[in-house]
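Feature list (source: TrEMBL):
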{"type": "TRANSMEM", "residues": "41-59", "note": "transmembrane segment"}
{"type": "TRANSMEM", "residues": "65-86", "note": "transmembrane segment"}
{"type": "TRANSMEM", "residues": "107-136", "note": "transmembrane segment"}
{"type": "TRANSMEM", "residues": "148-167", "note": "transmembrane segment"}
{"type": "TRANSMEM", "residues": "179-200", "note": "transmembrane segment"}
{"type": "TRANSMEM", "residues": "220-242", "note": "transmembrane segment"}
{"type": "TRANSMEM", "residues": "254-279", "note": "transmembrane segment"}
{"type": "TRANSMEM", "residues": "299-327", "note": "transmembrane segment"}
{"type": "TRANSMEM", "residues": "347-373", "note": "transmembrane segment"}
{"type": "TRANSMEM", "residues": "393-414", "note": "transmembrane segment"}
{"type": "TRANSMEM", "residues": "426-451", "note": "transmembrane segment"}
{"type": "TRANSMEM", "residues": "463-485", "note": "transmembrane segment"}
Amino acid sequence: MPAVKDIHQAGTTRIATIAPLHSEKLIPHVMPRILTSWDMTTTFIVSTYLASCASTVAAGGPAAITYLVLVGLTFFVPCLIATAQLGHVYPHEGALYNWAHHTIGGYWSFFAGFCAWFPGVLISSSLASLLVIYATPFLYPTLLNQPWKQGIAICLVLAVSGFLSTFRFRLVKNLVNLLVILLFSGTLVIALACIIWLIRGHHSATTFTNWSDWEPRSDNIVMFGLLAFAYLGTEGPLTMAGEIKGRKVIGRHLIWGPLLLALIYALNTLSVLIVLGRQAAYDPFALVRTVYVVLGKDFAVATSVCLMASFLATILVYNYLYARLLLVASVDKRLPRYISKLNRRQVPVNAILLQALLAIIVTLAMFNLAPLLTMIGQPQTFSAQVYMVSQASAALVWTISAAFLFICLIGCILKQSQAFQRHRIFPIPLLWFSIVIGILSCAITVADTLLYSWTNLIPNTQWWYLVGGVTSVLLALSAFISIFAKSEVDWQTLNAYIAVPLQKENASRIER
């Protein structure tokens, strides 16, 4: 009822005009348009960057480079093309949530938005965990030797970052931009360490001349899913599309952001493979250790600080980025009204604090509650298992949201042809090719993540039903909340339709 504004006949063709969301009109008037191409580029980099990528894929040796390129071409690039095209047609706050409303309907818009939003809660917790792990050597080494202590420290990081995110947005964005410069600096130091290692006459720890080592095989296929995780979130920055300075920002940040991100991944992965080799697999300190082996302790400490800066930047970005999804859903009456409250600095403070609170609850469940539930084994091991299952489940849900990029693009081409043709920026064959390749890559990523364990702590025979079970629960939760959210909108719209005639009737009675 509320989604379709009018339907008119054009010969035998029925053309439906989708009513704009209330957030499309309101957000540009209440949120300042301050985001430049540089702001959106830095947001893209830190919201997509996976710091553990280099160490995670080191076990694959040269095949890691093969997968880095393969997943980049078959998954990352199609996602970028779909994001750029949809962003130009619908440059509104909410990104995927808004695009799904216009192309496939109101119910699916909230479902797709929820699938894009919820992983941000889980991943914020994981980034805070990485920050705590990197900070621990600077403190008393055994201070956080128990999962419950780590959980408290992670919650503290999330609480502080949530508080910082409620400051004036321009101030927070400037801080993020500064932290991204530190990320670039750390990457340059890592690459410099690799170059100096070779100049000093050391041989590469990884042999690159054996071409069979470059081939994708059954024993390294797990890297497809892991690297797809490293490329997820291309549409994230456009969640703030209502706050950008002009439509040109959309294209610019989707060019420079991916190029810089790919360069960072390539430099980090090559440096770790050349200096440390496969022994760096799953070592959270692999990037720092690479610098330590070549340049010594001082440069290693500086690199560690730069990486911690990137973790903090990503947490801050996730706080204000995905809080925008809560904001627009609240403005569109799909979530409680109080969530859309802005403070005097025009910051959606309630949405940000809710985002941080949910991340804290998830952290307490993984690090404080989960160890109490285990009856056998070590609490540390059980917490690590819960952590890895939750991250893989988040990756699966996020991959499903990425598939909605291509579903929305199909809907845009077929159902909204006038708007699509008016703002088309890519050739039609390229768009359809990206749709096919992108959907296939999403399907392969889902299958790969389900069938191949991300950790030696859980065998493949148990991994698939643990990750699949948690993912199914998350998707069922998404579906249930989406039904409730759509029903709420329909109910309020029906009341509005009924209220207007009643008001007119009462007014006419008063006049008599």
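Note: Cβ is positioned from N, Cα and C throughout, glycine not excepted.
As the structure is a computational prediction, the values presented were derived from the model and not from experiment.
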Sequence-remote contacts (6 or more beyond its ends) of the transmembrane segment (347-373), Cβ cut-off under 8 Å? 120-122, 124-125, 128-129, 147-148, 150-152, 154-155, 158-159, 161-162, 165-169, 318-320, 322-324, 326-327, 330, 338-341, 379-380, 382-383, 386-387, 390
Stretch with greatest number of CB pairs under 8 Å, the transmembrane segment (179-200) reference, 107-136, 220-242, 254-279, 299-327, 426-451 candidates: 299-327
Candidates 107-136, 254-279, 299-327, 393-414, 426-451; stretch with most C-beta pairs under 8 Å toward the transmembrane segment (463-485): 107-136
Across 41-59, 254-279, 299-327, the most C-beta pairs under 8 Å with the transmembrane segment (220-242) come from 41-59
Are there residues at least six beyond either end of the transmembrane segment (41-59) with Cβ under 8 Å to its Cβ atoms? List them, or say none. 35, 67-68, 130, 176-177, 179-180, 183, 220, 223, 226-227, 229-234, 236-237, 240, 252-254, 256-258, 260-261, 264-265, 268-269, 271-273, 276-284, 286-287, 307, 310-311, 313-314, 317-318, 321
